[in-house]
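Here TrEMBL flags 12-21, 84-97, 361-372 as compositional bias 'Basic and acidic residues'. Look at TrEMBL and you will find 22-56 tagged as compositional bias 'Polar residues'. Per TrEMBL, the feature compositional bias 'Acidic residues' maps to 338-349. Marked as domain 'TFIID subunit TAF5 NTD2' by TrEMBL: 163-291. What TrEMBL lists as region 'Disordered' is 1-56, 84-120, 338-385. According to TrEMBL, the feature repeat 'WD' maps to 420-461, 493-528, 535-576, 577-618, 619-652, 661-693.
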Amino acid sequence: MAAVQGGLADTNEEKDIKTEPSSDGFGNNNANDGRVLSTSPGSSASAGINKSATGAPEDQQTLLAVLQFLRKNKLTESVEILRREAGLPEDSPELKGSDSSGAGSGGAAGSGDKEGGDASSLLSRVTISSSANLATTVTSSVTAAGEDQPDVNVVLSAYNQQGDPPLYQVYYSGLKKFIESVLDCHRAELSQLFYPLFVHMYLELVYNNHESEAKAFFEKFSGDQECYYEDDLRVLSSLSKREHMRGNETLMDFRTSKFVLRISRDSYQLLKRHLQERQNNQIWNIIQEHLYIDIFDGMPRSKGQIDAMSGSLAGEGKREANKAKVYYGLLKEPEIELPLDDEDEEAENEEGKPKKKKPKKDSMGSKSKKQDPNAPSQTRIPLPELKDSDKLDKIMYMKEATKRIRLGPDNLPSICFYSFLNAYQGLTAVDFTDDSSLIAGGFADSTVRVWSVTPKKLRKVKSAADLNLIDKESDDVLERIMDEKTASESKILYGHSGPVYGISFSPDRNYLLSSSEDGTVRLWSLQTFTCLVGYKGHNYPVWDTHFSPHGYYFVSGGHDRVARLWATDHYQPLRMFSGHLADVTCTRFHPNSNYVATGSSDRTIRLWDVLNGNCVRIFTGHKGPIHALAFSPNGKFLASGATDGRVLLWDIGHGLMIGELKGHTDTIYSLRFSRDGEILASGSMDNTVRLWDAMKAFDDLETDDFTAATGHVHLQDNSQELLLGTYMSKSTPVIHLHFTRRNLLLATGAYNP
């Protein structure tokens, strides 16, 4: 793959991309515009100097300046590469001259410089139209490691140099006219340039106090942008003065992150040729500074394929970002033997059918003993050991699994809807325990409420004085420690000082997590119904939190754009997942607990490795903030839902979008796969639950598509074929879904009269 970072150059073609020295009348001083365009990421020095032009004095000067800079930074390997590329022999007097001038003693031999030849004066001669200094034109690898994020002034200074303001419309119109005139197959790809160029040209005009020109530019071209950028353009239109730009989050996003465009090599060549012929340096500079062009070999993509992947704040995800190995397989289930026999005795007492049950459980056990080849090792991350109570619960789960209903297109699940009536406190979050015995709700009045949905009432543990009187050796000690006087159908937990936006039960049903606008995540005991810990790390509202399927770990995400990984026994986060450009709105653990998925208002989904904190997948395609995520039970696929009303399906192993489910008319707030992964349920603010044929969606995939170097697949528009049913509530938005262990679907929401 050849990729372009900050410039219109790829590794095969840098040699002919140097702009000719000119004063082009566009307001740019290009008297010595011999910029070295950066090569693809990973190359250690720019080799983009035209061999045939090195004889000219100004080109010679540029070459020597770059060589001196590299030597000064002890990049000897880069010096050798550049020397070979420029065709200079090792004993060249120019190189010796650059050595001596690098030491500050001699002039640059052969350059004809009469005004002093030390490195600093020579470097100062290399004119660069954009604000980037020579260090950024070599490559990012020259930059000092560990450099801090740029502050606002540094960020904004990129807009200091600009062309003639009235000509901005001419530049943009010229490019637009060119793109509209090319063949249809290239037009769709090159049209991706319109939005990022429009944004940066507008911001340059605003920063340099050309308000009237900026307003005229915005009014003329804002209507040409894709409809899914409407919200961004609304924010942009409010930035009409230079003062508005300081501290503005949207501007910082645009400025500090390169907008990623994925373009075929043929389309890229057309664009490069056009910009060279027209010497349109204003647009060239913006492409160098603010865009990352990801070039692929093959047929150009269609408008539909591009639209499916576009829409995020920073363009598409780089293909390189999705090539890391992901261990998406499930961990081997622990072998449970002794408690299994005990449980069988109980089953024999109760039902008198031990022989019939035992082989079923054995088959379950043998099935789980096979190690998935795509699974991480058991010890890749430390997981908590199973307690006796966990083993008993596993046995119960196996028993339930033998009675599970096998779902499919001809056998849809029953749906039980829990409506919260008179929820004047404002229901904001809901969760069920895995065994479906408890339901918890987070409310806008800062309370958390827990209900029992079985006849068994909620009871607190007795006081310390009463516990001392209990015979600890008795068989029913777990029952004796509970205080019958406190039995009730629901409990209210007080502690937060703001609306509760996220809620999650631990797998063993002993704990409950809640996250709030007050910036904290609280851990509640479901034995005492009191708060055990308040985790403070977020500085702003925490929108979501989720327990690991194995317990102990949990993840949280909020307005500070960072997701944090915690352990229940640590008051500081273990990992901080930083990379999103806007709020982290939802979080979800992978079934093997080794990965965390986060959805964001920047319209991207990221998959993070718990072991090292690295981002291993970036998925783009949603046109609005993401509010729902769900992993398939086998760990291979991810479903996401957003305010755009679309459900997108992703293949985690290959890092590709593999399906799009359209039908909802409002924000999707919850997604769940059935226990065996055959059915995907989606709940939305449009008051409906929809069921989709997940097996068909995944089975219809052509595996040949995954090997395509283009990094995209052709999506079928088959939503209606995959839609198995739509179920409407009277007037209740669906904010949470849950499949029981027997595949009954539970749905919840607050009735909205």
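Placed from the backbone N, Cα and C atoms, the Cβ positions cover glycine too.
Beyond its flanks by at least six residues, the repeat 'WD' (535-576) meets 383-384, 498, 501-508, 511, 513-523, 582-589, 591-593, 596, 598, 600, 608, 610, 613 of its own chain at Cβ-Cβ distances under 8 Å. Taken residue by residue, the repeat 'WD' (661-693) breaks down under DSSP into 0 helix, 20 strand, 13 coil.
Here the repeat 'WD' (493-528) has long-range neighbours at 387, 389-390, 393, 426, 428-435, 437-438, 440-450, 460-461, 534-536, 538-551, 554, 556, 558, 566, 568, 587, meaning same-chain residues at least 6 beyond its ends whose C-beta is under 8 angstroms from one of its own. For the repeat 'WD' (661-693), same-chain residues at least 6 beyond its ends with a Cβ under 8 Å from one of its own Cβ atoms are 401, 404, 406-409, 412-413, 415, 624, 627-634, 639-643, 645-649, 719-739, 741, 743, 745, 747, 749.
Over the repeat 'WD' (420-461) the predicted model carries a mean pLDDT of 89.
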